[in-house]
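Look at TrEMBL and you will find 1-18 tagged as signal peptide. Residues or ranges marked as active site in TrEMBL: His56, Glu110, His114.
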Amino acid sequence: MKPLFLLSLSLLAVVSSAKDFDFFYFVQQWPGSYCDTKRACCYPVTGKPDPIFTIHGLWPNYNDGTYPSNCDQQNEFDAREIEDLQRTMEEYWPTLACPTGNGLKFWAHEWDKHGTCTESTLDQHSYFLSALNLYKKANLLKALQDAGIEPDDRFYSVDSIKLAIKESVGFTPGLECNKDGSGNQQLSEVYLCVDKSGQKFINCPNFPRISCRKQVQFPSF
């Protein structure tokens, strides 16, 4: 049996490494694609969201393509910490999962899985505030519309979507696609990379495996 102090040091090393990370993915999702699948969606209690990209999450990652998760089970989500942000989050970070909800379950999941791994940099309030501030800096729908790319159920090239966002934000995004009920690939999520402070967009060290073909549909909502 290991001495107690060695067990303590081992545990400390695991916790410390679990909470360390290299950069963030800031992920926005298109609600039209989320809802236009066999799974469908449920609008939040506040009603149908506006036809804009909404926040999915702010996810810490490692440069090697892996990521930490669920780093501190003792630091659970506390809705009181974000009372001043809740109205803004209902608009820009709404839940679309079924059954209909007020967003708290969604936000709790994001904090418990991802936010707890950022405690060396961000507390709970600053974690959600950082995501909201990043959202203001990356108006994806405007970037696409300025390039003539509209959520009109037409197909657009992945390269043109990436270029439009890069010209607006300054950095090349990663894209993720899903399939509608007919099997058409559609633009689902946009990944931008952020430094460890959660404040500045950066060039991405890597992207998750992308599931988009050369042409993807941009569905209406």
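Placed from the backbone N, Cα and C atoms, the Cβ positions cover glycine too.
Since the structure is predicted, the reported quantities are computational estimates derived from the model, not experimental observations.
Location within the structure of each feature annotated in TrEMBL.
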residue : record      : contacts (Cβ under 8 Å, 6+ apart)
His56   : active site : Val27, Gln28, Gln29, Glu189
Glu110  : active site : Gly57, Leu58
His114  : active site : Gly57, Leu58, Trp59, Pro60, Ser69
